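See structure below.
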Amino acid sequence: MNTCIAVYSSPLQLKDSAAPIGRIGEAWRSGADGGPSYGRRLLAATIVYFVERSLPLQAIDLAAFLQHADYRFYLSMMLFAVFLMLQASIWVMIVNAAGARETGKGVEGGSRLRLLPGLRIFIDSQFAKYIPGGFWNYAGRIVLATRAGVSLAAQLASIVYENVLLVAAALAYALVLVVNLNVAPVPILLATLALAAFSYVYYGRVSSWVQRVFDGASRWKLMKGLLNRMAKSTDTAGSDRAAGASPLSRNQSFGYLVCFLGSHFVMGIAFWLLANSFDAGHISVFYAAGTFATSWLLGLLSPFPGGLGVREGFLVYFLSLKLGTDVALQLSIVARVWNVMAELTFWLLIQAASRLKRRVRSYES
């Protein structure tokens, strides 16, 4: 794929992503519930606009790359789509587990979310992450899941656990990267093991403290109004149910952490295939997984909106240590396109599966 690298030998110009957002919240609510067509169109147009603005390549450059890309690029893209499906599946499991614990404690836990509708909710709302603000994908997920009958408390608990466990999984792979770089691995390894042991032994106290903070925040006037509006509630019951979220058990939390670690390894294989498709050097699967996860984590912890430029910067830095600066820069640019294409693949597969299911039902009826 040396010809692919040559496509980007000229300087690249990033696009300006600044634009008015408008009535995105109203579009979420009307579009999610099959409301007025203008709401759905506004929502779709807004998402398409910001997705397009997030791509740093001109159309001619993108077409040239895709034309010369070999099977490893497309195989890695499909594998990354599988990774996204695994992430979505874990979220569905966490939602159902949180809802089951509510029901077990005498609280109305809402409907159990089936896998296919859950995957569709996840990917339909996932594209909203490209809208400035960094929370529209979660807002959309809450709206869509509420329409599916999932309780607000279970949804918010799942979002908290999902992000905490994602950060924990990313930290684990960041440790793998540190070991590969030989950057004081023994002290960092011991500190990480001590933190993991502390979290496991004192899980009950930590989860109770997090729940108290969460309950207090959910009762803030601004937060109550936001939660009730996203859930399209007519009173304050939505925020009250949110405050009643039950924490997952220790075994459940660490079990889902293992699931996230496994899905991140699939992501590492996908990124490893993408890097090797450039034929400009070699990195291991663990180095690829550690690089991608660490870059995501540092972008998440950065003070800039959405980790603006931070993820790409660290991705270039870590890759340049093995592949050189030029290849690392090109790979970081292509990775953004690769990410969007994998999400589109995920979305198309779910749409096809949903239509097939509807046709089967129509034949049976």
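Cβ coordinates are placed from backbone N, Cα and C, and glycine is handled just like the others.
According to TrEMBL, the feature transmembrane segment maps to 73-94 (among others).
Residues annotated as transmembrane segment in TrEMBL: 159-179 (among others).
Among the features that TrEMBL reports, transmembrane segment is placed at 186-203 (among others).
The annotation transmembrane segment is assigned in TrEMBL to 254-274 (among others). Tertiary proximity for the transmembrane segment (254-274) is limited to same-chain residues at least six positions away from its ends with a CB under 8 Å from its CB atoms, namely 72-73, 75-77, 79-80, 82-83, 86-87, 90, 93-94, 161, 165-166, 168-170, 172-173, 200, 248, 283-286, 288-293, 331, 334-335, 338, 342.
The transmembrane segment annotation in TrEMBL covers 286-308 (among others).
Annotation comment: TrEMBL describes 328-350 (among others) as transmembrane segment.
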Contact between the transmembrane segment (186-203) and the transmembrane segment (159-179) (3 or more Cβ pairs under 8 Å, separation 6+): yes
